[in-house]
(Lines of atoms letter the chains of each structure in order from A and count residues from 1; the text may use other names and numbers.)
(Lines give C-alpha, C1' and ligand atoms only; values in the text may rest on other atoms or scores of the structure.)
Protein backbone atom coordinates (compact mmCIF):
# COMPACT_ATOMS: atom_id res chain seq x y z
CA UNK A 1 0.00 0.00 0.00
CA UNK A 2 1.41 3.43 -0.89
CA UNK A 3 2.46 5.45 2.13
CA UNK A 4 0.30 8.45 1.37
CA UNK A 5 -3.22 8.74 0.05
CA UNK A 6 -3.05 5.94 -2.50
CA UNK A 7 -5.24 2.85 -2.88
CA UNK A 8 -4.57 -0.82 -3.03
CA UNK A 9 -5.47 -3.08 -5.92
CA UNK A 10 -9.23 -2.74 -5.26
CA UNK A 11 -11.74 -5.47 -6.11
CA UNK A 12 -10.53 -6.13 -9.63
CA UNK A 13 -14.12 -5.81 -10.84
CA UNK A 14 -14.56 -4.56 -14.37
CA UNK A 15 -18.12 -4.14 -15.54
CA UNK A 16 -18.54 -4.55 -19.31
CA UNK A 17 -19.88 -1.55 -21.18
CA UNK A 18 -19.08 1.07 -23.78
CA UNK A 19 -19.36 4.81 -24.08
CA UNK A 20 -22.50 4.71 -26.24
CA UNK A 21 -23.80 7.71 -28.21
CA UNK A 22 -26.96 7.40 -26.09
CA UNK A 23 -25.01 7.94 -22.84
CA UNK A 24 -22.91 10.69 -24.37
CA UNK A 25 -25.97 12.66 -25.48
CA UNK A 26 -27.84 12.19 -22.17
CA UNK A 27 -24.79 13.27 -20.17
CA UNK A 28 -24.27 16.36 -22.36
CA UNK A 29 -27.94 17.37 -21.95
CA UNK A 30 -27.85 16.74 -18.17
CA UNK A 31 -24.58 18.65 -17.79
CA UNK A 32 -26.37 21.71 -19.21
CA UNK A 33 -27.75 22.04 -15.67
CA UNK A 34 -24.47 23.78 -14.87
CA UNK A 35 -25.32 26.61 -17.30
CA UNK A 36 -27.78 28.18 -14.86
CA UNK A 37 -25.20 28.32 -12.07
CA UNK A 38 -22.42 29.59 -14.35
CA UNK A 39 -24.57 32.19 -16.10
CA UNK A 40 -25.60 33.58 -12.75
CA UNK A 41 -22.04 33.80 -11.38
CA UNK A 42 -20.93 35.68 -14.50
CA UNK A 43 -23.96 37.99 -14.77
CA UNK A 44 -24.17 39.16 -11.17
CA UNK A 45 -20.55 40.36 -11.07
CA UNK A 46 -20.85 42.27 -14.36
CA UNK A 47 -24.23 43.86 -13.68
CA UNK A 48 -23.00 45.32 -10.38
CA UNK A 49 -20.46 47.46 -12.28
CA UNK A 50 -23.07 48.83 -14.75
CA UNK A 51 -23.71 52.50 -13.94
CA UNK A 52 -27.47 52.53 -14.82
CA UNK A 53 -28.02 49.47 -12.60
CA UNK A 54 -26.17 51.04 -9.66
CA UNK A 55 -27.99 54.37 -10.14
CA UNK A 56 -31.40 52.67 -10.04
CA UNK A 57 -30.94 50.20 -7.21
CA UNK A 58 -27.78 51.14 -5.30
CA UNK A 59 -27.42 54.94 -5.66
CA UNK A 60 -25.23 55.26 -2.54
CA UNK A 61 -22.64 52.88 -4.08
CA UNK A 62 -22.74 54.82 -7.35
CA UNK A 63 -22.30 58.17 -5.53
CA UNK A 64 -19.39 56.79 -3.52
CA UNK A 65 -17.80 55.46 -6.72
CA UNK A 66 -18.23 58.78 -8.57
CA UNK A 67 -17.56 61.20 -5.72
CA UNK A 68 -13.80 60.95 -5.67
CA UNK A 69 -11.95 58.92 -8.27
CA UNK A 70 -8.67 59.31 -6.42
CA UNK A 71 -9.90 57.97 -3.09
CA UNK A 72 -9.21 54.51 -1.69
CA UNK A 73 -9.89 52.09 -4.56
CA UNK A 74 -10.13 49.12 -2.20
CA UNK A 75 -13.35 50.39 -0.59
CA UNK A 76 -15.38 51.87 -3.46
CA UNK A 77 -17.83 48.95 -3.70
CA UNK A 78 -18.11 48.19 0.03
CA UNK A 79 -21.90 47.93 0.48
CA UNK A 80 -23.75 45.22 2.41
CA UNK A 81 -26.93 45.74 0.31
CA UNK A 82 -24.98 45.23 -2.92
CA UNK A 83 -23.37 42.05 -1.59
CA UNK A 84 -26.76 40.86 -0.31
CA UNK A 85 -28.03 41.12 -3.91
CA UNK A 86 -25.22 38.84 -5.07
CA UNK A 87 -25.11 36.41 -2.18
CA UNK A 88 -28.82 35.95 -1.33
CA UNK A 89 -28.92 33.34 -4.12
CA UNK A 90 -26.48 31.08 -2.27
CA UNK A 91 -28.48 31.16 0.96
CA UNK A 92 -31.57 30.08 -0.99
CA UNK A 93 -29.57 27.35 -2.78
CA UNK A 94 -28.41 26.04 0.60
CA UNK A 95 -32.02 25.69 1.83
CA UNK A 96 -33.19 24.18 -1.47
CA UNK A 97 -30.45 21.53 -1.53
CA UNK A 98 -31.71 20.14 1.80
CA UNK A 99 -35.23 19.69 0.37
CA UNK A 100 -33.79 18.48 -2.95
CA UNK A 101 -32.20 15.49 -1.19
CA UNK A 102 -35.63 13.97 -0.46
CA UNK A 103 -36.98 14.84 -3.93
CA UNK A 104 -33.92 13.30 -5.60
CA UNK A 105 -34.18 10.10 -3.58
CA UNK A 106 -37.98 9.58 -3.62
CA UNK A 107 -38.93 11.00 -7.03
CA UNK A 108 -35.72 10.59 -9.04
CA UNK A 109 -32.90 12.78 -10.35
CA UNK A 110 -34.94 14.00 -13.37
CA UNK A 111 -37.71 15.63 -11.33
CA UNK A 112 -35.18 17.45 -9.17
CA UNK A 113 -33.65 18.93 -12.35
CA UNK A 114 -37.12 19.93 -13.60
CA UNK A 115 -37.88 21.81 -10.36
CA UNK A 116 -34.50 23.52 -10.64
CA UNK A 117 -35.19 24.74 -14.17
CA UNK A 118 -38.71 26.04 -13.37
CA UNK A 119 -37.63 27.92 -10.22
CA UNK A 120 -34.66 29.47 -12.03
CA UNK A 121 -36.93 30.58 -14.88
CA UNK A 122 -39.30 32.32 -12.45
CA UNK A 123 -36.39 34.10 -10.75
CA UNK A 124 -34.95 35.31 -14.07
CA UNK A 125 -38.36 36.67 -15.09
CA UNK A 126 -38.75 38.69 -11.87
CA UNK A 127 -35.16 40.04 -12.09
CA UNK A 128 -35.56 41.08 -15.73
CA UNK A 129 -38.61 43.19 -14.86
CA UNK A 130 -37.39 44.38 -11.43
CA UNK A 131 -38.52 47.85 -10.33
CA UNK A 132 -37.17 47.83 -6.76
CA UNK A 133 -34.45 46.17 -4.67
CA UNK A 134 -36.96 43.79 -3.00
CA UNK A 135 -37.87 42.40 -6.47
CA UNK A 136 -34.18 41.81 -7.18
CA UNK A 137 -33.74 39.94 -3.88
CA UNK A 138 -36.91 37.80 -4.39
CA UNK A 139 -35.76 36.98 -7.93
CA UNK A 140 -32.31 36.03 -6.62
CA UNK A 141 -33.87 33.77 -3.98
CA UNK A 142 -35.87 31.92 -6.66
CA UNK A 143 -32.71 31.60 -8.77
CA UNK A 144 -31.03 30.16 -5.68
CA UNK A 145 -33.75 27.55 -5.17
CA UNK A 146 -33.23 26.54 -8.81
CA UNK A 147 -29.46 26.27 -8.39
CA UNK A 148 -29.89 24.19 -5.20
CA UNK A 149 -32.06 21.60 -6.98
CA UNK A 150 -29.85 21.45 -10.09
CA UNK A 151 -26.54 21.21 -8.18
CA UNK A 152 -27.98 18.43 -6.03
CA UNK A 153 -29.20 16.25 -8.89
CA UNK A 154 -26.96 16.84 -11.93
CA UNK A 155 -23.59 15.58 -10.53
CA UNK A 156 -25.33 12.47 -9.12
CA UNK A 157 -27.09 11.84 -12.43
CA UNK A 158 -23.82 12.09 -14.38
CA UNK A 159 -21.89 9.82 -12.01
CA UNK A 160 -24.63 7.16 -12.14
CA UNK A 161 -25.11 7.23 -15.93
CA UNK A 162 -21.46 7.20 -16.97
CA UNK A 163 -19.44 3.96 -17.48
CA UNK A 164 -16.87 3.94 -14.66
CA UNK A 165 -13.91 4.31 -17.06
CA UNK A 166 -15.31 7.61 -18.38
CA UNK A 167 -17.04 8.85 -15.23
CA UNK A 168 -14.52 11.60 -14.57
CA UNK A 169 -14.70 13.13 -18.05
CA UNK A 170 -18.51 12.94 -18.31
CA UNK A 171 -19.06 14.33 -14.81
CA UNK A 172 -16.77 17.27 -15.55
CA UNK A 173 -19.25 18.17 -18.30
CA UNK A 174 -21.19 19.80 -15.43
CA UNK A 175 -18.25 22.04 -14.51
CA UNK A 176 -17.62 22.75 -18.21
CA UNK A 177 -21.16 24.05 -18.61
CA UNK A 178 -20.70 26.21 -15.49
CA UNK A 179 -17.61 27.77 -17.11
CA UNK A 180 -19.40 28.17 -20.46
CA UNK A 181 -22.25 29.88 -18.58
CA UNK A 182 -19.79 32.28 -16.94
CA UNK A 183 -18.16 33.06 -20.31
CA UNK A 184 -21.50 33.66 -22.10
CA UNK A 185 -22.59 35.94 -19.24
CA UNK A 186 -19.35 37.94 -19.42
CA UNK A 187 -19.64 38.41 -23.20
CA UNK A 188 -23.31 39.47 -22.91
CA UNK A 189 -22.48 41.93 -20.11
CA UNK A 190 -19.81 43.49 -22.32
CA UNK A 191 -22.26 44.09 -25.19
CA UNK A 192 -25.39 44.87 -23.15
CA UNK A 193 -23.44 47.53 -21.24
CA UNK A 194 -23.08 49.44 -24.56
CA UNK A 195 -26.86 49.66 -25.17
CA UNK A 196 -28.10 53.26 -25.32
CA UNK A 197 -30.70 54.15 -22.71
CA UNK A 198 -29.09 52.14 -19.90
CA UNK A 199 -31.49 49.16 -19.87
CA UNK A 200 -28.92 46.54 -20.91
CA UNK A 201 -28.81 45.17 -17.35
CA UNK A 202 -32.44 43.99 -17.79
CA UNK A 203 -31.35 41.83 -20.74
CA UNK A 204 -28.42 40.47 -18.71
CA UNK A 205 -30.62 39.43 -15.78
CA UNK A 206 -33.61 38.32 -17.88
CA UNK A 207 -31.33 36.33 -20.19
CA UNK A 208 -31.07 33.70 -17.43
CA UNK A 209 -34.43 32.41 -18.74
CA UNK A 210 -32.57 30.78 -21.68
CA UNK A 211 -30.38 28.36 -19.65
CA UNK A 212 -33.41 27.75 -17.39
CA UNK A 213 -35.43 26.62 -20.41
CA UNK A 214 -32.57 24.36 -21.58
CA UNK A 215 -32.44 22.41 -18.29
CA UNK A 216 -36.27 22.35 -17.96
CA UNK A 217 -36.79 20.87 -21.44
CA UNK A 218 -33.72 18.65 -21.01
CA UNK A 219 -35.07 17.14 -17.79
CA UNK A 220 -38.32 16.20 -19.57
CA UNK A 221 -36.56 14.22 -22.33
CA UNK A 222 -33.78 12.58 -20.26
CA UNK A 223 -34.08 8.95 -19.11
CA UNK A 224 -33.79 8.26 -15.38
CA UNK A 225 -30.69 6.48 -14.04
CA UNK A 226 -30.87 2.71 -13.35
CA UNK A 227 -29.76 3.40 -9.75
CA UNK A 228 -32.69 5.76 -9.23
CA UNK A 229 -35.18 3.37 -10.90
CA UNK A 230 -34.06 0.45 -8.72
CA UNK A 231 -34.29 2.71 -5.67
CA UNK A 232 -37.95 3.35 -6.54
CA UNK A 233 -38.80 -0.32 -7.20
CA UNK A 234 -38.70 -0.32 -11.04
CA UNK A 235 -36.30 -3.28 -11.23
CA UNK A 236 -37.12 -4.77 -14.65
CA UNK A 237 -37.21 -1.36 -16.37
CA UNK A 238 -33.89 -0.55 -14.72
CA UNK A 239 -32.21 -3.67 -16.13
CA UNK A 240 -33.44 -2.87 -19.65
CA UNK A 241 -32.24 0.72 -19.22
CA UNK A 242 -28.81 -0.46 -17.99
CA UNK A 243 -28.42 -2.66 -21.11
CA UNK A 244 -29.23 0.30 -23.34
CA UNK A 245 -26.91 2.66 -21.46
CA UNK A 246 -23.93 0.27 -21.46
CA UNK A 247 -24.53 -0.92 -25.04
CA UNK A 248 -24.09 -4.61 -24.06
CA UNK A 249 -26.42 -7.41 -22.87
CA UNK A 250 -24.03 -8.74 -20.22
CA UNK A 251 -24.88 -6.35 -17.38
CA UNK A 252 -25.77 -8.99 -14.76
CA UNK A 253 -22.86 -8.36 -12.40
CA UNK A 254 -23.26 -4.57 -12.38
CA UNK A 255 -27.05 -4.94 -12.06
CA UNK A 256 -26.68 -7.31 -9.08
CA UNK A 257 -24.38 -4.81 -7.35
CA UNK A 258 -26.82 -1.96 -8.00
CA UNK A 259 -29.71 -4.00 -6.56
CA UNK A 260 -27.58 -5.00 -3.55
CA UNK A 261 -26.70 -1.34 -2.95
CA UNK A 262 -30.38 -0.40 -3.23
CA UNK A 263 -31.43 -3.15 -0.79
CA UNK A 264 -28.83 -1.93 1.67
CA UNK A 265 -30.02 1.65 1.25
CA UNK A 266 -33.62 0.62 2.02
CA UNK A 267 -32.51 -0.68 5.42
CA UNK A 268 -31.44 2.86 6.23
CA UNK A 269 -34.47 4.56 7.70
CA UNK A 270 -32.73 7.84 8.44
CA UNK A 271 -29.99 8.58 5.88
CA UNK A 272 -29.19 11.90 7.59
CA UNK A 273 -28.61 10.27 10.97
CA UNK A 274 -26.83 7.39 9.27
CA UNK A 275 -24.18 9.78 7.96
CA UNK A 276 -22.93 10.14 11.54
CA UNK A 277 -22.03 6.45 11.79
CA UNK A 278 -18.34 5.73 12.20
CA UNK A 279 -18.01 3.84 8.90
CA UNK A 280 -19.20 6.93 6.98
CA UNK A 281 -16.61 9.21 8.63
CA UNK A 282 -14.43 9.48 5.49
CA UNK A 283 -17.48 10.25 3.31
CA UNK A 284 -18.79 12.89 5.72
CA UNK A 285 -15.33 14.46 6.00
CA UNK A 286 -15.05 14.77 2.21
CA UNK A 287 -18.66 16.02 1.85
CA UNK A 288 -17.79 18.90 4.19
CA UNK A 289 -14.13 19.70 3.51
CA UNK A 290 -14.01 19.46 -0.30
CA UNK A 291 -16.70 22.13 -0.92
CA UNK A 292 -15.35 24.20 2.01
CA UNK A 293 -11.89 24.22 0.48
CA UNK A 294 -13.26 24.76 -3.04
CA UNK A 295 -14.75 28.11 -1.97
CA UNK A 296 -11.66 29.14 -0.01
CA UNK A 297 -9.45 28.88 -3.10
CA UNK A 298 -10.80 32.41 -3.66
CA UNK A 299 -12.11 31.56 -7.13
CA UNK A 300 -15.60 32.93 -6.66
CA UNK A 301 -14.08 36.19 -5.54
CA UNK A 302 -12.30 36.38 -8.88
CA UNK A 303 -15.31 35.22 -10.91
CA UNK A 304 -18.10 37.15 -9.17
CA UNK A 305 -16.18 40.29 -8.88
CA UNK A 306 -13.73 40.04 -11.79
CA UNK A 307 -15.18 43.23 -13.33
CA UNK A 308 -15.22 44.97 -9.92
CA UNK A 309 -11.71 43.73 -9.20
CA UNK A 310 -10.34 44.90 -12.55
CA UNK A 311 -12.15 48.20 -12.11
CA UNK A 312 -10.50 48.53 -8.70
CA UNK A 313 -7.09 47.68 -10.15
CA UNK A 314 -7.63 50.66 -12.42
CA UNK A 315 -9.29 49.46 -15.63
CA UNK A 316 -12.27 51.47 -16.88
CA UNK A 317 -15.78 49.93 -16.85
CA UNK A 318 -15.55 48.57 -20.40
CA UNK A 319 -12.03 47.23 -19.97
CA UNK A 320 -13.04 45.60 -16.68
CA UNK A 321 -15.84 43.67 -18.40
CA UNK A 322 -13.46 42.72 -21.22
CA UNK A 323 -10.92 41.38 -18.73
CA UNK A 324 -13.69 39.24 -17.22
CA UNK A 325 -14.39 37.81 -20.70
CA UNK A 326 -10.70 36.86 -20.98
CA UNK A 327 -10.68 35.05 -17.61
CA UNK A 328 -13.97 33.35 -18.58
CA UNK A 329 -12.39 32.02 -21.80
CA UNK A 330 -9.36 30.72 -19.87
CA UNK A 331 -11.76 28.99 -17.46
CA UNK A 332 -13.48 27.10 -20.31
CA UNK A 333 -10.19 26.12 -21.98
CA UNK A 334 -8.64 24.79 -18.78
CA UNK A 335 -11.78 22.78 -17.95
CA UNK A 336 -11.34 21.01 -21.30
CA UNK A 337 -7.82 20.05 -20.15
CA UNK A 338 -9.39 18.49 -17.06
CA UNK A 339 -11.88 16.50 -19.16
CA UNK A 340 -8.95 15.14 -21.18
CA UNK A 341 -6.75 14.32 -18.19
CA UNK A 342 -8.94 13.34 -15.24
CA UNK A 343 -9.31 9.65 -16.22
CA UNK A 344 -5.69 9.50 -17.49
CA UNK A 345 -3.68 11.30 -14.80
CA UNK A 346 -6.07 10.81 -11.90
CA UNK A 347 -7.81 13.12 -9.46
CA UNK A 348 -4.94 13.55 -6.98
CA UNK A 349 -2.42 14.72 -9.60
CA UNK A 350 -4.79 17.45 -10.83
CA UNK A 351 -5.68 18.56 -7.29
CA UNK A 352 -2.02 18.90 -6.28
CA UNK A 353 -0.74 20.51 -9.50
CA UNK A 354 -3.62 23.02 -9.48
CA UNK A 355 -2.94 23.83 -5.83
CA UNK A 356 0.72 24.68 -6.46
CA UNK A 357 -0.21 26.80 -9.50
CA UNK A 358 -2.86 28.78 -7.58
CA UNK A 359 -0.57 29.32 -4.61
CA UNK A 360 2.20 30.85 -6.73
CA UNK A 361 -0.22 33.08 -8.65
CA UNK A 362 -1.93 34.40 -5.52
CA UNK A 363 1.43 35.36 -4.05
CA UNK A 364 2.42 37.18 -7.26
CA UNK A 365 -0.93 39.01 -7.57
CA UNK A 366 -0.74 40.10 -3.91
CA UNK A 367 2.80 41.42 -4.49
CA UNK A 368 1.76 43.29 -7.68
CA UNK A 369 -1.30 44.91 -6.14
CA UNK A 370 0.56 45.66 -2.89
CA UNK A 371 3.44 47.32 -4.76
CA UNK A 372 1.20 49.72 -6.70
CA UNK A 373 -1.79 50.29 -4.42
CA UNK A 374 0.06 50.11 -1.12
CA UNK A 375 -2.00 50.44 2.06
CA UNK A 376 -3.96 53.56 1.09
CA UNK A 377 -5.38 52.07 -2.13
CA UNK A 378 -4.37 54.97 -4.37
CA UNK A 379 -2.32 53.66 -7.30
CA UNK A 380 -1.97 56.91 -9.25
CA UNK A 381 -1.74 56.21 -12.99
CA UNK A 382 -1.34 52.52 -13.74
CA UNK A 383 1.07 51.63 -16.56
CA UNK A 384 -0.37 49.26 -19.16
CA UNK A 385 2.27 46.58 -18.63
CA UNK A 386 1.33 46.41 -14.95
CA UNK A 387 -2.34 45.76 -15.70
CA UNK A 388 -1.35 43.09 -18.24
CA UNK A 389 0.85 41.31 -15.66
CA UNK A 390 -1.99 41.24 -13.09
CA UNK A 391 -4.49 39.90 -15.65
CA UNK A 392 -1.94 37.32 -16.86
CA UNK A 393 -1.36 35.89 -13.38
CA UNK A 394 -5.06 35.95 -12.59
CA UNK A 395 -5.58 33.94 -15.81
CA UNK A 396 -2.91 31.38 -14.82
CA UNK A 397 -4.60 31.16 -11.41
CA UNK A 398 -8.03 30.62 -13.03
CA UNK A 399 -6.53 27.89 -15.26
CA UNK A 400 -5.08 26.13 -12.22
CA UNK A 401 -8.48 26.16 -10.53
CA UNK A 402 -10.38 25.14 -13.67
CA UNK A 403 -8.51 21.89 -14.13
CA UNK A 404 -8.35 21.00 -10.43
CA UNK A 405 -10.60 22.21 -7.63
CA UNK A 406 -13.28 23.50 -10.02
CA UNK A 407 -14.41 20.24 -11.64
CA UNK A 408 -13.04 17.86 -9.02
CA UNK A 409 -14.85 19.68 -6.22
CA UNK A 410 -18.08 18.42 -7.81
CA UNK A 411 -16.81 15.13 -9.28
CA UNK A 412 -15.10 13.52 -6.27
CA UNK A 413 -17.97 13.96 -3.74
CA UNK A 414 -20.56 12.72 -6.27
CA UNK A 415 -18.64 9.48 -6.94
CA UNK A 416 -17.56 8.42 -3.42
CA UNK A 417 -20.90 8.08 -1.61
CA UNK A 418 -22.59 4.65 -1.24
CA UNK A 419 -26.19 4.63 -2.52
CA UNK A 420 -27.72 4.42 0.98
CA UNK A 421 -26.34 7.87 1.91
CA UNK A 422 -25.82 9.31 -1.58
CA UNK A 423 -28.65 11.87 -1.70
CA UNK A 424 -28.16 13.03 1.89
CA UNK A 425 -24.37 13.30 1.52
CA UNK A 426 -24.69 15.18 -1.78
CA UNK A 427 -27.06 17.61 -0.02
CA UNK A 428 -24.42 18.26 2.63
CA UNK A 429 -21.86 18.76 -0.15
CA UNK A 430 -24.06 21.33 -1.95
CA UNK A 431 -25.14 23.01 1.33
CA UNK A 432 -21.56 23.49 2.54
CA UNK A 433 -20.60 24.76 -0.93
CA UNK A 434 -23.44 27.30 -0.93
CA UNK A 435 -22.92 28.31 2.71
CA UNK A 436 -19.31 29.25 2.09
CA UNK A 437 -20.04 30.76 -1.33
CA UNK A 438 -22.57 32.95 0.52
CA UNK A 439 -20.12 33.78 3.32
CA UNK A 440 -17.25 34.62 0.93
CA UNK A 441 -19.52 36.71 -1.33
CA UNK A 442 -21.03 38.54 1.65
CA UNK A 443 -17.74 39.52 3.30
CA UNK A 444 -15.41 39.79 0.28
CA UNK A 445 -15.88 43.49 -0.49
CA UNK A 446 -15.54 44.36 3.21
CA UNK A 447 -12.42 42.16 3.45
CA UNK A 448 -10.97 43.82 0.33
CA UNK A 449 -11.56 47.18 1.99
CA UNK A 450 -9.79 46.16 5.22
CA UNK A 451 -7.27 43.44 4.27
CA UNK A 452 -6.45 45.15 0.95
CA UNK A 453 -3.92 43.15 -1.10
CA UNK A 454 -3.53 40.81 1.90
CA UNK A 455 -6.84 39.25 0.84
CA UNK A 456 -4.99 37.22 -1.81
CA UNK A 457 -2.54 35.98 0.83
CA UNK A 458 -5.52 34.98 3.01
CA UNK A 459 -6.80 32.69 0.24
CA UNK A 460 -3.27 31.50 -0.60
CA UNK A 461 -2.95 30.21 3.00
CA UNK A 462 -6.06 28.06 2.51
CA UNK A 463 -4.79 26.74 -0.84
CA UNK A 464 -1.66 25.53 0.99
CA UNK A 465 -3.77 23.82 3.71
CA UNK A 466 -6.08 22.12 1.19
CA UNK A 467 -3.16 20.81 -0.89
CA UNK A 468 -1.65 19.22 2.25
CA UNK A 469 -5.08 17.70 3.06
CA UNK A 470 -5.38 16.17 -0.44
CA UNK A 471 -1.83 14.79 -0.30
CA UNK A 472 -2.40 12.91 2.95
CA UNK A 473 -6.12 12.14 3.11
CA UNK A 474 -7.73 11.90 -0.33
CA UNK A 475 -7.39 8.48 -2.02
CA UNK A 476 -7.32 8.12 -5.81
CA UNK A 477 -10.77 7.25 -7.25
CA UNK A 478 -9.83 7.02 -10.94
CA UNK A 479 -11.21 3.95 -12.76
CA UNK A 480 -13.11 2.45 -9.81
CA UNK A 481 -16.78 1.44 -10.34
CA UNK A 482 -19.07 3.66 -8.27
CA UNK A 483 -20.58 0.74 -6.32
CA UNK A 484 -17.08 -0.59 -5.50
CA UNK A 485 -15.80 2.72 -4.18
CA UNK A 486 -15.54 1.61 -0.54
CA UNK A 487 -12.41 -0.35 -1.44
CA UNK A 488 -10.46 2.91 -1.58
CA UNK A 489 -11.25 3.64 2.07
CA UNK A 490 -10.49 0.09 3.27
CA UNK A 491 -6.97 0.24 1.80
CA UNK A 492 -6.16 3.84 2.82
CA UNK A 493 -3.51 4.36 5.52
CA UNK A 494 -5.79 6.55 7.67
CA UNK A 495 -9.43 5.90 6.74
CA UNK A 496 -9.12 2.09 6.98
CA UNK A 497 -9.47 2.39 10.77
CA UNK A 498 -13.04 3.69 10.30
CA UNK A 499 -14.16 1.34 7.52
CA UNK A 500 -13.92 -2.26 8.73
CA UNK A 501 -14.26 -5.31 6.44
CA UNK A 502 -17.36 -6.40 8.30
CA UNK A 503 -19.07 -3.14 7.33
CA UNK A 504 -18.87 -4.04 3.63
CA UNK A 505 -18.71 -7.82 3.26
CA UNK A 506 -19.47 -7.64 -0.47
CA UNK A 507 -16.67 -5.25 -1.35
CA UNK A 508 -18.37 -2.07 -2.43
CA UNK A 509 -21.95 -2.56 -1.37
CA UNK A 510 -23.20 -3.15 2.09
CA UNK A 511 -25.23 -6.34 2.21
CA UNK A 512 -27.73 -7.13 4.91
CA UNK A 513 -26.35 -9.86 7.12
CA UNK A 514 -29.28 -11.69 8.63
CA UNK A 515 -31.40 -8.60 7.96
CA UNK A 516 -29.21 -6.47 10.24
CA UNK A 517 -26.82 -4.93 7.63
CA UNK A 518 -27.01 -1.24 8.32
CA UNK A 519 -28.47 -1.36 11.74
CA UNK A 520 -25.29 -1.99 13.68
CA UNK A 521 -22.79 0.82 14.13
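Cβ from N, Cα, C; glycine included.
Look at TrEMBL and you will find 26-478 tagged as domain 'Major facilitator superfamily (MFS) profile'.
Proximity of distant same-chain residues to the transmembrane segment (19-39), defined by a Cβ-Cβ separation under 8 Å and at least 6 residues beyond the stretch ends, is recorded for 113, 116-117, 120, 143, 146-147, 150-151, 153-154, 157-158, 161-163, 165-166, 170, 173-185, 207-208, 211-212, 214-215, 218, 221-223, 244-247. Feature annotation from TrEMBL assigns transmembrane segment to 19-39 (among others).
Beyond its flanks by at least six residues, the transmembrane segment (87-104) meets 40, 44, 111-112, 115-116, 119, 137, 140-149, 151-153, 156, 423-424, 426-427, 430-431, 434-435, 437-438, 441-442 of its own chain at Cβ-Cβ distances under 8 Å. Annotated transmembrane segment per TrEMBL: 87-104 (among others), in sequence order.
Annotation comment: TrEMBL describes 111-130 (among others) as transmembrane segment. Note on the transmembrane segment (111-130): residues 30, 33, 36, 57, 96, 100, 103-104, 136, 138-150, 152-154, 157, 202-203, 205-209, 211-220, 222 of its chain, located 6 or more positions outside it, place their CB under 8 angstroms from a CB of the stretch.
Here TrEMBL flags 136-158 (among others) as transmembrane segment.
The annotation transmembrane segment is assigned in TrEMBL to 170-191 (among others).
Among the features that TrEMBL reports, transmembrane segment is placed at 203-222 (among others). Within the chain, the transmembrane segment (203-222) has long-range Cβ neighbours (under 8 A, six or more residues past its boundaries) at 26, 29-30, 32-33, 35-36, 39-40, 43, 46-47, 50, 110-111, 113-114, 116-118, 120-121, 123-125, 127-130, 139, 143, 146, 150, 157, 181, 185, 188-189, 192, 195.
If you look up TrEMBL, you'll see 284-308 (among others) marked as transmembrane segment.
With a cut-off of 8 Å between Cβ atoms, the residues of this chain six or more beyond the transmembrane segment (320-342) that come close are 42, 45-46, 49, 168-169, 172-173, 175-176, 179-180, 182-183, 185-187, 189-190, 193, 302-303, 306-311, 349-350, 391, 394-395, 398-404, 406-408, 411, 478. The transmembrane segment annotation in TrEMBL covers 320-342 (among others).
Packing against the transmembrane segment (349-373) from elsewhere in the chain are residues 73-74, 297-298, 313, 338, 341-342, 379, 382, 386, 389-390, 393-394, 396-397, 399-401, 403-405, 408, 452-457, 459-460, 463-464, 466-467, 470-471, 474: each is 6 or more residues past its ends and has a CB under 8 Å from a CB in it. For 349-373 (among others), the entry in TrEMBL reads transmembrane segment.
Proximity of distant same-chain residues to the transmembrane segment (385-406), defined by a Cβ-Cβ separation under 8 Å and at least 6 residues beyond the stretch ends, is recorded for 175, 178-179, 293-294, 297, 299, 302-303, 306, 310, 313-315, 323, 326-327, 330-335, 337-338, 341, 350-358, 361-362, 364-365, 368-369, 372, 466. Residues or ranges marked as transmembrane segment in TrEMBL: 385-406 (among others).
The list of residues near the transmembrane segment (427-447) in space but at least 6 beyond its ends in sequence, with Cβ under 8 angstroms from a Cβ of it, reads 77-80, 82-84, 86-87, 90-91, 93-94, 97-98, 100-101, 144, 147-148, 151-152, 275, 284, 287-288, 290-292, 294-296, 298, 300-301, 304-305, 308, 409, 413-414, 455, 458. The feature transmembrane segment is assigned by TrEMBL to 427-447 (among others).
Under the heading transmembrane segment, TrEMBL lists 453-474 (among others). Within its own chain, the transmembrane segment (453-474) has Cβ neighbours under 8 Å at 4-5, 285-286, 289, 293, 296-298, 301, 347-348, 351-352, 355-356, 358-359, 362-363, 365-367, 369-370, 373, 405, 412, 444, 447, 494-495, counting only residues six or more beyond its boundaries.
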